[in-house]
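Before any comments, here is the structure.
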């Protein structure tokens with residue numbers, strides 16, 4: 001209700017309504033604000049990203065905070081004039097600039113509140129009356145100078161924070177900005193504006209991402225979509241005419257200020273001053289929706305004065321429609337699956353939508369369906385390296401290694417610094433016995449991502465397969481230095497040292513690992529085996545039992561503990577754990593042979609005793 005209260009509390013004259021109608025209009029305005037600020041960009045390009053299921057509460061948080069501090073800055077600026085039009089508080093103005101800085105740090109759009117404050121000052125405080133303006137000119141110039149200096153300082157600070165340069169974007173992020181023909185670029189920009197206007201007016205097409213072909217470019221004058229920018233500018237010109245030429249001064253000020261609130265916050269996203277990294281982003285309409293709601297509230301109030309018979313039913317109808325749409329969209333945000341599925345109907349040409357649907361299916365174990373969506377993502381955007389990487393991984397797991405190699409090779413050719421694709425290509429090449437190529441792929445991955453423990457781990461596995469034990473140990477040691485809790489690297493070091501007969505060193509590595517990972521049952525198991533081979537039976541037994549406490553259903557752990565008891569001479573305990581092991585895994589051949597040996601030994605002992 002913040003926006004609606006702002007409109008009623010600051011004496012912006014609206015047509016007089018009855019109490020019921022006023023409440024309905026206020027509620028309607030609040031609902032429109034809510035609906036238009038309930039969506040945001042939701043982009044998952046990194047195949048290693050972890051996605052929160054409760055996305056509705058976290059997506060667009062920066063934009064919402066920016067909108068909050070934007071409004072607070074405006075309200076504080078209004079507070080500066082409570083002593084009367086001719087008096088103002090410099091302290092409150094500085095407070096407004098400070099809140100503007102906070103809004104800008106949340107999102108670049110926040111700085112546009114200074115323009116809104118200036119417009120409010122001219123339109124509402126000075127009333128644009130030339131005679132009164134002359135008397136107030138000195139105060140107005142001082143306030144505008146403060147806003148200008150504050151804005152200049154904030155822009156410089158933001159420029160320094162961004163590294164003295166704007167971020168770089170690719171053609172898939174904003175294809176219109178890469179069009180060589182300036183006229184086509186302008187036409188497409190205006191088409192984007194018309195789509196944003198439609199989303200404000202009728203928020204039916206909502207999508208978490210509008211890039212990658214979601215909105216095809218207008219490339220010729222025969223494209224019927226040119227009609228929409230023309231319609232948009234006709235409507236805007238009509239509003240501007242009413243705002244400037246109306247005989248009603250209250251109407252002029254209300255519509256002018258509504259247009260200011262509508263247009264100024266949208267300017268940073270308009271591509272007029274710099275290239276932005278999106279085609280449409282519903283989050284950039286959070287602030288502009290304030291101006292839209294002000295104009296809409298005025299229009300509803302104006303119409304209700306002329307259509308008294310239908311004003312309640314019309315308002316209630318609009319209210320119910322927007323409530324229903326809000327509830328529907330809330331349901332779509334309840335899970336990744338429903339959110340991504342909703343985007344398919346809005347943007348079927350968007351490769352990123354298909355990618356995210358495929359990733360969600362793969363995360364839920366439905367790899368066959370995921371392959372279909374990944375293939376469609378690659379078809380729609382043949383240079384979509386993340387889709388190629390994820391598709392290659394699934395094909396690798398399905399043992400379709402040749403196609404996986406082709407896809408991953410294409411991905412690294414398109415994006416040579418894609419470290420994850422290089423590593424996955426190395427894994428596939430290793431499986432195809434192309435060891436030299438696999439080693440080179442791993443080193444390429446490490447070259448582009450210096451701190452890459454998983455790649456060092458896989459490189460170690462390659463060296464172990466080639467019997468290059470020293471190189472394998474060094475690679476795994478690098479993995480544990482970069483990621484001290486890398487359980488697989490620690491465990492493989494212990495196993496390799498065990499297999500090569502370096503039992504003392506294996507014991508040291510195992511105990512070092514357990515200091516970092518005290519509850520890792522796999523390392524306990526490997527260390528227990530090493531201690532058992534050194535005939536440190538009591539210590540080995542302790543690690544076996546601790547491992548079984550953490551995970552009691554590991555057949556190999558019961559089997560090896562049985563071997564320990566067998567060697568130790570505790571035959572009854574050995575018999576018990578052999579049986580537990582065979583119950584968990586009846587097909588274990590080594591355990592069966594050891595158990596049969598134990599039974600013969602027990603039978604022999606029984607005969608001897610008898």
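Cβ atoms here come from the backbone N, Cα and C positions, even for glycine.
Quantities reported herein were computed from a predicted structural model and do not represent experimental measurements.
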Under TrEMBL, which of the candidate ranges 32-52, 116-136, 137-157, 158-178 is annotated transmembrane segment?
137-157
In TrEMBL, which of 207-225, 226-244 is labelled transmembrane segment?
226-244
For a three-state summary based on DSSP, what are the helix, strand and coil counts in the repeat 'TPR' (453-486)?
27 helix, 0 strand, 7 coil
May I ask for the residues of the chain that lie six or more residues beyond the transmembrane segment (256-278) and have a Cβ under 8 Å from a Cβ within it?
12, 41, 70, 108-109, 111-113, 115-116, 119-120, 123-124, 166-167, 169, 173-174, 176-177, 189, 192-193, 196, 210-211, 236, 239-240, 243-244, 284-285, 287-288, 290-292, 294-295, 298
Helix-strand-coil residue split for the repeat 'TPR' (351-384), DSSP-based:
27 helix, 0 strand, 7 coil
